[in-house]
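K.L.:
Following this message is one structure expressed as structure tokens.
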Amino acid sequence: MEEECRVLSIQSHVVRGYVGNRAATFPLQVLGFEVDAVNSVQFSNHTGYSHWKGQVLNSDELQELYDGLKLNSVNQYDYVLTGYTRDKSFLAMVVDIVQELKQQNPRLVYVCDPVMGDQRDGEGAMYVPDDLLPVYREKVVPVADIITPNQFEAELLTGRKIHTQEEALEVMDMLHSMGPDTVVITSSDLLSPRGSDYLMALGSQRTRAPDGSMVTQRIRMEMHKVDAVFVGTGDLFAAMLLAWTHKHPNNLKVACEKTVSAMHHVLQRTIKCAKAKSGEGVKPSPAQLELRMVQSKKDIESPEIVVQATVL
């Protein structure tokens, strides 16, 4: 019998579209994982639309759901995956749950996308309350095993600015020293060796060699920029990175190549479809730019490698 691998995913939920748990659950299931989803919010659609309605789960309600799992003794997990959170007490409760689950299963891997803000034209801006930063820095990152910040979030967590690839590697080492063995800076403002049409991402993974010493693999990836604003890409990235690092635990290069290549196929299919719907010369709407997830099932399951990672 095939070994079951179960993920507890605590993220947002939308009725229409693909962000948060809606962007993470399908690819993880396609790749063979059982996914138990806790919806931190339930909205009609993502907040990039003109209107949205819905409810927000608070920390007491999260505790209640977790207590229900505990009472039935079904709170055994191999992975925890978290993304966007707006509330400090909710985030602290997530940390408590992760710590309890790790006591039960010391091999549990916590994958955290520390969603706090982004960089536009060199200027960084937070889109969560400022009081979340110390919680991420002091409580969340120390219990995380894999983190997927963008450049701005990596700078926030370490208090260091990144202007060069060398500085990015130093920041990733600082993040390692805070706890996680795998760090992927999912996007950066750094100029790619391939030119300004490319977006650069960087990764670093520490593994223990048979002799007990720590070995670090560092990689760089360059992805062709797409001129559109997608929502849910970070959630999809973190979910697929979880899956591919599980399948290639000591090879970040291969895990990232599969993750980024699958992302490429999903985004290309999405932009092609959005442009066909919007018509020539018309900017696609948020609804038209929803990720073409179901249509990309084969690419998620078995991505043709179109992005090669460079080992640094």
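The backbone N, Cα and C atoms fix where each Cβ goes, and this holds for glycine too.
Here Swiss-Prot flags M1 as N-acetylmethionine. Marked as pyridoxal 5'-phosphate binding site by Swiss-Prot on the basis of similarity to another entry: T47, G234, D235. The phosphoserine annotation in Swiss-Prot covers S59, S213, S285. Positions annotated as ATP binding site by Swiss-Prot, on the basis of similarity to another entry: D113, N150, Q151, F152, E153, T186, S187, V226, D227, A228, T233. Annotated active site, proton acceptor per Swiss-Prot: D235, in sequence order, evidence recorded as similarity to another entry.
Mind mapping these onto the model and telling me what they sit next to?
P.N.:
Counting only same-chain residues at least 6 apart in sequence, none has a Cβ under 8 Å from the Cβ of T47 (pyridoxal 5'-phosphate binding site).
Taking Cβ-Cβ distances under 8 Å and a sequence separation of 6 or more, the neighbours of S59 (phosphoserine) in its chain are D87, S89, F90, A92, M93.
Cβ-based neighbour count (10 Å, all protein chains) for D227 (ATP binding site) stands at 6.
All protein chains included, S213 (phosphoserine) registers 8 other Cβ atoms within 10 Å of its own Cβ.
DSSP assigns D235 (pyridoxal 5'-phosphate binding site) to a helical segment in the three-state reduction. The Cβ neighbour count for D235 (pyridoxal 5'-phosphate binding site), using a 10 Å radius over every protein chain in view, is 28.
The local packing around S285 (phosphoserine), expressed as other Cβ atoms within 10 Å of its Cβ over all shown chains, amounts to 14.
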K.L.:
Among all protein chains shown, how many Cβ atoms are found within 10 Å of the Cβ of Q151 (ATP binding site), not counting that one?
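P.N.:
Around the Cβ of Q151 (ATP binding site), 23 other Cβ atoms lie within 10 Å.
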K.L.:
For the recorded pyridoxal 5'-phosphate site, enumerate neighbouring residues of the same chain (Cβ within 8 Å of the Cβ centroid of T47, G234, D235, site residues themselves excluded), in sequence order.
P.N.:
S12, V19, G20, A23, H46, G83, Y84, V115, V231, G232, T233
K.L.:
Taking every protein chain shown into account, which of the binding-site residues S187, T233 has the largest tally of Cβ atoms within 10 Å of its Cβ?
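P.N.:
Per the Cβ count, the most surrounded site is S187.
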K.L.:
In whole Å, note down how far the CA of D235 (pyridoxal 5'-phosphate binding site) lies from the CA of D113 (ATP binding site).
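P.N.:
Between the Cα atoms of D113 (ATP binding site) and D235 (pyridoxal 5'-phosphate binding site), the distance comes to 8 Å.
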K.L.:
Give the number of CB atoms, excluding that of E153 (ATP binding site) itself, located within 10 Å of its CB.
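P.N.:
The Cβ of E153 (ATP binding site) has 26 Cβ neighbours within 10 Å.
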K.L.:
Within its own chain, what residues at least 6 apart in sequence put their Cβ under 8 Å from the Cβ of G234 (pyridoxal 5'-phosphate binding site), listed in sequence order?
P.N.:
G83, D113, V115, T148, N150, T186
